[in-house]
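S.K.: I'd like to ask you about the structure that follows.
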Amino acid sequence: MLKVLFTAAESAPFYKTGGLGDVTYALPKAIKKQGVDIRVAIPFYEKKFPAKYLPKVKNLTHFTIEMGGRPVYVGLKTIKLGDVTYYLIDNRQYFDRDGLYGYWDDGGRFGFFQMAVIEMLQVIEWIPDIIHANDWHTAFIPVLLKEKYGWIRPYQNIKTQLTIHNLQFQGWFPPSILDTVFQIGRQSFNDDGFAQDGSVNWLKGGINFADLVSTVSPSYAQEIQSPAFGEHLDGTLRKQSGKLVGILNGIDAEIYDPETDPHLAYHYNAKNLKGKDKDKRVLQEEMHLPKRSDPLFAMVSRLTRQKGADLLVDALENFLVQNNVQVVILGTGDRDLEEDLLSMQDRFPGQLAVRINFDEAMAQRIYAGADFFMMPSAFEPSGLAQMMAMRYGTLPIVHETGGLRDSVTPYNAETGAGNGFSFWEYNAGVFAKILRMAKNVYADQPKVYARLQQQAMAMDFDWHHSAAAYLKGYDRILGKA
């Protein structure tokens, strides 16, 4: 049986700051169903760990690793969720914090985590065929297996895959980390290894050392090889393009199901959408909007420039003035964008409702109650929300980039094809034009809107498709493909 260790800095349902947490939960679950012995290693953030799961956590063992010439404690806990075993790496000095990331000692924290994950394998006497690392927090594992642990025989045959969920975040640290944390030499501190502008770049090291590098959509895999999207690693990615693949993320069809979603007041399916109409009224009431039949546009997102929140601010004013529409926005992010949206809400009572927080249950009520879902991201490696929206019969309006391009087929008035709307040129005027087009289809062509809705709900983004593609990648790494 194929053995895979999947490792990341976060995993739902324990903790999640974004899409990485969703993937770390859903993808191993889907791969496990394909008959793979896949296990997951994540940190144990004690303060953030949900109380309801604590009774299921078992203390497995403890051991020490060496960091900068000193012994450091590693507590190893385990919990089983469904069929998947999770290993929780515990060290209060590093992980007993109020947040997951953004600390001055993140290099030490995640350097410790990566070494603990590798050294754990001998302790539990389970050596995987493949270690599947995710993003910068675990990207140095392929480097460490060769540069630090290459002399250990059981580790010599372990293959590695690195998945890049967002190239923006790379893990830059001073060269001293090689001594103070990893105790490895500088023979690979060069452009073909992990050096970037005089610093150690963990993600670059992972790209160069991993046996396979994947990103979370085919389009993003192409985009990041260009200077516009490459975040200064486009040269490295072009050089390594022979081992670079793009696999579109999926969604958990059991969680995101309008027939069974416990957060909805009314349930529905593609054959009977009456419940969706009622959920729209419930959402309008919750957001203190008048219960009108106007098209309702929504956005659930981090309110940042990457997510296009600035584009939304620029496009929204005239759109609200000129059209009988309602808009609901849920999320947190950059203070200036939050304030712009709240100020606009004051100017457009009855049309615009802004909630500056994040609430998973409210998000799912928005997916169900809205008519359109806006994702004007400047770039989007994969995107999950557009898939969730389609699952609930809400048509996405997206910028054609990354996974948005791979999952949303724009409406074609001649053929009737499509499952949403999209725009190519990244500016507020073009975005506003597409918003008006969507509004006109809803208001003037209800049969066309209904057909697009059916086509959106017929899309199958279940994780088993992604899992099959990852299994092909594993076979390739092991020389079976």
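Quick reminder: no glycine exception, Cβ is built from N, Cα and C everywhere.
Marked as domain 'Starch synthase catalytic' by TrEMBL: 3-239. Residues or ranges marked as ADP-alpha-D-glucose binding site in TrEMBL: LYS16. Taken from TrEMBL, the feature domain 'Glycosyl transferase family 1' applies to 291-436.
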S.K.: For LYS16 (ADP-alpha-D-glucose binding site), what residues in its own chain, 6 or more apart in sequence, show a Cβ-Cβ distance under 8 Å?
M.R.: GLU10, ASP22, TYR25
S.K.: Which of the three DSSP states, helix, strand or coil, fits LYS16 (ADP-alpha-D-glucose binding site)?
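M.R.: Where LYS16 (ADP-alpha-D-glucose binding site) sits, the three-state DSSP reduction gives coil.
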S.K.: Calculate the per-residue pLDDT averaged over the domain 'Glycosyl transferase family 1' (291-436) and state the result as an integer.
M.R.: 97
